[in-house]
Every structure is written in structure tokens, then in C-alpha cells.
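Peer 1: This is the structure, below, for whatever I ask next.
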Amino acid sequence: MRIDRFEFAFTFNDVILLPGKTEIEPSNVDLTTRIGNIALSIPILSSPMDTVTEEEMSIAMARMGGLGILHRNCSVEEQVNMAKAVKRAESFIIRDVITVSPEDSVEEARRLMREHGISGLPVIVGRKLVGIVTRRDVYFAENGSLLVKDIMTKDPITVGPEITPQEARKIMARYKIEKLPVVSESGELIGLVTAKDVFYRESHPFATRDEEGRLRVGAAISPFDIDRAKTLAPYVDVLVTDVAHFHNENVISATKRIIDEVGVPVIAGNIGTYEAAEEAITRLDIIGLRVGIGSGSICTTGEVTGVAAPTLYAVASASEAVRKYSKDVAVIADGGIRGPGEAAKAFAMGADAVMLGYALAGTKEAPGSTMMIGGKMYKIYRGMGSPSARSKRFAMDRYSKPSKDIAEGIEGLVPYRGDVTTVVDRFVAGLKAAFGYVGAANISEMKSKARVALISHSGMSEIAPHDVKPLEKISD
């Protein structure tokens, strides 16, 4: 290696975005983006870490217009159940409807409602709808030995599969009902529309939804676990290969097999160089690249091994490869993004979306319980290469196959931050402000208009708050 061939692997604190002439107000900035066929209203994905993303985080992210990626440090059954929970959280037309027959007992109907947390059951004979029974019906049926046919509402109001949310709302209001069975022309039950789902759809107009109106969700997988990928396939919208170093022949070959055999869109990662991006996008039919190695706040890969690819450098390298080959592959910046300033720099360098771990850890929706220390509330946040995460064994191969006997992550505490909606709203507001300063109306313009400058250590110190003691530190 000759010293004159050294590359400058710059990171977020090495550069600054310069302000430009603008007519753009932050409130008018459009942050929509696409990852394959998945349209996002906000360009944010939650990281597949077991202290960041399970079903609660995924539901919240999708409702805000982002996307949650479920971690894989669990059994495949647990991961599937998380994905199912996201899909069930909202669905304009519920397809997998739980039903009863007229000859079932009221007690059986009551048990099903209690077990599944639902308030009504269509009544069918064969596949034909003959009635509907509600929680109110079973509540007032004092004799549990009565049959469903004795208390059900016969000939309920029904709609066809072409019904729209607006039409459903009007019908429910007119007839003062909360459930609308969806039937075919021959009267066979197709699905169910509930008032709750109509409400959620109207309350979250920018949510990330699939063709059936359900919330979208992704799941992390090992490229070597094709059985898990196949099991998850019916319940997720995208699979994300979850390895620290994707630019490995065994990993690439295993990922190609998943793409060929599973039939679900794939985001590949993590990568850190132009060459890795080039090989991934020319050899694999992927929709996105997860970019950055060793930059996460709880990742110690660079420290332990001396090998890393800082996220901003990696984004610039990967986006150059995507441009060269004119591929419709999204570049997703992953690691070291603590706030909207880092995200803005990533978009300027060519990112299409950002993946957040630390920025979302500690929120109410992040997995884990809160703890009180010194009068303040905290939550656990750990890297997937930390000893405690590796002890669960499901994600051990993220850092090699077979697993290396070294830890490449740490575990720590982060302050409890409350609802993730509030955290993301602030993040998005800061991001829009950055776009406004640059003069970019959208992500595409941010890539083309942003002027990036190197900044000295003194310059970085100057633009940070200085020469005063923050009030919160005095109160500490």
C-alpha cells in the first residue's frame, strides 16, 4: 500500500452544508421518497435492533409515513407474530376474518372475542354470510348455552369489495353501525370493514400502506437463513439482509438464492465502498442498499478490528455506483445519524433514506422497560454485536458465518424520550429546515443543489453552542 493512494474516509463532522439562495420555506419541503415499490412520506426507516424495532415501533413508523424493520434476534415464530401484528393494526378491508357459525354457542363467540380482542363476528354457513354478532349481543345474553343464531343480527348491512373509505364512513354513520361485512355478488364473505380502521385511515393519511390498506413492514434476515425468509414472506413487504459486511462472496451468493426463491423485495447491506455497491447492484435484483459500516453509536467494529466505512463516505461511494449504472436502487444511510443535521448531509451526498437506531432508542415504542436512575428515566440500548445481544444467539451470524468469538458492540442507557411521534416530528422539522437553508425543495434537489465544504475542528467547535453553560447542565 502506497501512502499516496490513501483515501479520505470523511464523516459527518468533517463536512458542513453551505447555505444557498432560496425561495423554499421549510413547510413546503417535500421529503417523500421511494424504495422499490414502497412509497414513503418521510425518508426514515427504524433499525432492526432488538432495543429499537418490534411491532409497536413498526406500527408507529408506518403510520407516520416511514417504515419499521423488525429485528431478527428472536425465533422466526416471534418475528412472524410481530409482522402479523403490524398487518392487523390497520386494514381497510380485513381479509382474514374470524367467524362463527349459527350453531356455535354464545359462550364460544364470547371466547373468540376475548381471545382475539375483537368486538364482532360475522356469522357464516359455508362461506355465505347469514348474520353478525357483536360484543353487545353476547353481553346481554345471560344464558351462555344460547346459540349464535338466537342473538345474531340477521341480514346485516353489507358492501361490495369496491367500497371506499369515504363511502364506508357514510354508511356507518347513516345506520349507526361499526362493522360492515364485505361480500361478493353471490353473498360470500370476502372481508370486514370496521369503524376503527376507517378512523385510523383518516387519522393517518400519509401512512405507509400496501395495496390492501394495511401498514407496511420489513424484517431483517440472515442471508444464510432461507427458511426464515420463506416463512416471513407472506407477512412482510421487504426483507433486509442483516450482516455487518455484505461484500462477501458467500453472503452475495446466499442473498441471490433468497431473491430467486422467496419473491419478496430485498434491501442488501451493510456495505461501505463503491466496489461493494457496484457488485451488489450489478449481480443482484435488489431495491435498496443499507450503507455504512462501524458508525453506529453502539458499534465497536472499527475500534475492535480497525476496519470501518464511515456512513457519509459510504453513502457518497454507493450513490456514485448507483448513478453510474442508472439503477433504481435506494441508498439508505445507516449509522451515526444522531439528528437531522447528519441526515441532511447524507441526503446531500446521495442518500434516498436514512435508517435510525440511536435517534429512536429510548422512546415509548422501543422495546424494553424503563428504569429510574438518579431521578431520571432511561431505557437500554445495545448493539447487535454486544455480548448481551449475542447471548440470544439468533443474530450471532450478523458479524460472520460461523460467528466470531468477539463482541463488536456495546450496551448502554439512553434517556427516556417519550412518544416516538414527537421525536420523529422534531427530526423531520429539523430536516426540512436544512433543506430550506440549502434551497432544496425535495431530496432530488438536495442531491444536486447542496454545496458541501470541509470544516476544521475549530470550525465545528464554533458552530456548536459555546462559551455558556446550558441550563439543563446547571440543573443536573
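Each residue, glycine too, has its Cβ placed from N, Cα and C.
Look at Swiss-Prot and you will find Cys299 tagged as active site, thioimidate intermediate, backed by similarity to another entry. For Arg398, the entry in Swiss-Prot reads active site, proton acceptor. The NAD(+) binding site feature in Swiss-Prot is assigned to Asp242, Gly292, Ile293, Gly294; the stated evidence is similarity to another entry. Sequence annotations record features per position, and here Swiss-Prot assigns K(+) binding site to Gly294, Gly296, Cys299, Glu462. Under the heading IMP binding site, Swiss-Prot lists Ser297, Asp334, Gly335, Gly336, Gly357, Tyr358, Tyr381, Arg382, Gly383, Met384, Gly385, Glu408. If you look up Swiss-Prot, you'll see 93-151 marked as domain 'CBS 1'. Marked as domain 'CBS 2' by Swiss-Prot: 152-211.
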Peer 1: Measuring Cα to Cα, how many angstrom lie between Gly335 (IMP binding site) and Gly292 (NAD(+) binding site)?
Peer 2: 6
Peer 1: Across the domain 'CBS 1' (93-151), what does the mean pLDDT come to, as a whole number?
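Peer 2: On average, pLDDT over the domain 'CBS 1' (93-151) sits at 92.
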Peer 1: Taking DSSP states H, G and I as helix and E and B as strand, how many residues of the domain 'CBS 1' (93-151) are helix, strand and coil?
Peer 2: 20 helix, 17 strand, 22 coil
Peer 1: Could you tell me the maximum Cα-Cα distance in Å between the residues recorded as binding NAD(+), namely Asp242, Gly292, Ile293, Gly294, rounded to a whole number?
Peer 2: 14
Peer 1: Around Gly292 (NAD(+) binding site), which residues of its chain at least 6 apart sit with Cβ under 8 Å of its Cβ?
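Peer 2: Counting only residues 6 or more apart in sequence, the Cβ neighbours of Gly292 (NAD(+) binding site) under 8 Å are Asn270, Gly272, Ala309, Pro310, Thr311, Ala314, Val315, Ala333, Asp334, Gly335, Gly336.
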Peer 1: Using CB atoms and a 10 A radius, I'd like the single residue among the binding-site residues Asp242, Glu462 with the highest neighbour count.
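Peer 2: The residue with the most neighbouring Cβ atoms within 10 Å is Asp242.
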Peer 1: Would you mind reading off the Cα separation of Gly294 (NAD(+) binding site) from Gly357 (IMP binding site), to the nearest angstrom?
Peer 2: 13
Peer 1: Helix, strand or coil by DSSP: which one applies to Glu462 (K(+) binding site)?
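Peer 2: It is helical.
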